[in-house]
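Noted in Swiss-Prot for the protein shown:
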- 1-22: compositional bias 'Basic and acidic residues' (COMPBIAS)
- K13: N6-succinyllysine (MOD_RES)
- H194, S201, R203, N213, K237, W303, H305: NADP(+) binding site (BINDING)
- K221: N6-succinyllysine (MOD_RES)
- Y358: heme binding site (BINDING)
- K480: N6-succinyllysine (MOD_RES)
- 524-527: motif 'Microbody targeting signal' (MOTIF)
Amino acid sequence: MADNRDPASDQMKHWKEQRAAQKPDILTTGSGNPIGDKLNILTAGPRGPLLVQDVVFTDEMAHFDRERIPERVVHAKGAGAFGYFEVTHDITRFSKAKVFEHVGKRTPIAVRFSTVAGESGSADTVRDPRGFAVKFYTEDGNWDLVGNNTPIFFIRDAILFPSFIHSQKRNPQTHLKDPDMVWDFWSLRPESLHQVSFLFSDRGIPDGHRHMNGYGSHTFKLVNEKGEAVYCKFHYKTDQGIKNLSVEDAARLPQEDPDYGIRDLFNAIATGNYPSWTFYIQVMTFQEAEAFPFNPFDLTKVWPHSEYPLIPVGKLVLNRNPVNYFAEVEQMAFDPSNMPPGIEPSPDKMLQGRLFGYPDTHRHRLGANYLQIPVNCPFRARVANYQRDGPMCFQDNQGGAPNYYPNSFSAPEQTHSALEHCTRYSGDVQRFNSANEDNVTQVRTFYLNVLNEEERKRLCENIAGHLKDAQLFIQKKAVKNFSDVHPDYGARIQALLDKYNAEXPENAVHTYVQAGSHLAAREKANL
């Protein structure tokens, strides 16, 4: 209703009210030249052709033609906000990172929430993992904690990531989401069982972005002032309480408000209802890692809280909406390799792959100088290096300072305090197959002990409701994997699939032939 609008709907009204005492700015071209007429093109006579000297038109049109930048290959649809991280508990015994320097310290942060597989115009309420990335602007440079709303992931080896994402995206011929592709990949990679079970549980469709937890997911390394190191995992638990959408509400909202999550976050912050999350770590010593019953760097598994309890660290608070979405959210770029001294990577194979993949895609999407974009700029540190030039270099390019190292002219020098922790590794160099590294034990615990009976029922209904659209041989492979977790898990899904399959005509397998095939016309007619 026009008389009962939320802050997001009234953004234009509020912008005008904030400038009520000001005169409108004079309209200009991109180069700052005043414009006398923005409504009528320059032509030779009222019915004549336009003139190429109409720079008002060409300036506007040329910029319009270049407004769009490449969409993120994953996490394209997102919401962003800004705030601070405040330390509430001392963990300097574990890490020398300045972000944890003392209780009460506040560090500015930027956060981006997102879905994974959908395009930038897709709905916020799909069943999909949610990205939950946090950028800490520290005095030692930016720290990007590029997490999700799940503590686990579908795969444990980074070489599978492109194929996994392709399977979740659109079919290369039909350009449709394809259940065959989705479930074929999942069924062939049973390490996905844990994340698939989480995804199809009630938490698979969070109620907006404020009511879900966040996780760094990977295993990281913390290093203290003495050079002592431990492994750790990061958790951020919502202070608003966990809330999820029902399947029915999630199906209704894309028609009514496909941007439900963005709107909810914007309105909460605009009305002073600032969302917050409590930040925790789990810690594991190197000795404990050696004796751990499974690979502690396996992204498809969690560390049991009973053995590695959550240690409180601080609070994440979001108290500012973006001033401009494109400038501060679309151009925001997170890079897991942005780690200040005191925080380092572990041998987690997925993390190792992301250390390269993320900055590489940012350079493609935003350009070689993407770290000069204000939202990505480490504004609390002084950038001093030997990198120069490149497209869209809009700072001073470090003036006349030497652009080579080493040099004899008092240019930036390395600092011993930033040296990485010394870690010893040994073993044969080869491609190790991790496909069969106990893919079911933790999933069984999740199914039997974490979920109650009603949640198990909904989980199986959600899985069957999606799996029913895949071919029968793929259904069979998937059900076997669920049965390996627990016979009841597979049996429930199979019973539901039997009902679906009895109602629908028998699955047909279609064969597609490339143009120029040497098949005889008669053979083609039988396809």
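Cβ atoms are placed via backbone N, Cα and C, with glycine included.
Non-local contacts of H194 (NADP(+) binding site) by the CB criterion (under 8 A, 6+ apart in sequence, same chain) comprise I152, T300, K301, N439, Q442, V443, F446.
Cα spacing between S201 (NADP(+) binding site) and K480 (N6-succinyllysine): 19 Å, rounded to the nearest whole number. The maximum pairwise C-alpha distance among H194, S201, R203, N213, K237, W303, H305, the residues recorded as binding NADP(+), is 20 Å. Comparing the Cα of K480 (N6-succinyllysine) with the Cα of every entry in K13, R203, K237, H305, these being the recorded positions, the smallest distance points to R203.
In this structure the C-alpha atoms belonging to N213 (NADP(+) binding site) and Y358 (heme binding site) are separated by 23 Å.
H194 (NADP(+) binding site) falls within a helix when secondary structure is assigned with DSSP. Of all the recorded positions in the record (K13, K221, Y358), the one with the smallest CA separation from H305 (NADP(+) binding site) is K221.
Same-chain residues at least 6 positions away in sequence with a Cβ under 8 Å from that of W303 (NADP(+) binding site) are, in sequence order, K233, Q282, M284, P296. Taking the Cα of Y358 (heme binding site) as the reference point, the closest of the recorded positions K13, R203, K221, K237 is K221.
Mean predicted confidence for the motif 'Microbody targeting signal' (524-527): the pLDDT average there is 41. The two recorded residues, K13 (N6-succinyllysine) and K237 (NADP(+) binding site), have Cα atoms 35 Å apart. A count of other CB atoms within 10 A of each Cβ picks out K221 as the most crowded of the recorded positions K221, K237, H305. Cα to Cα, K237 (NADP(+) binding site) and K221 (N6-succinyllysine) are separated by 21 Å.
Taking only the Cα positions, the spacing between K221 (N6-succinyllysine) and R203 (NADP(+) binding site) is 28 angstrom. When the compositional bias 'Basic and acidic residues' (1-22) is classified with DSSP, helix, strand and coil residues number 8 helix, 0 strand, 14 coil.
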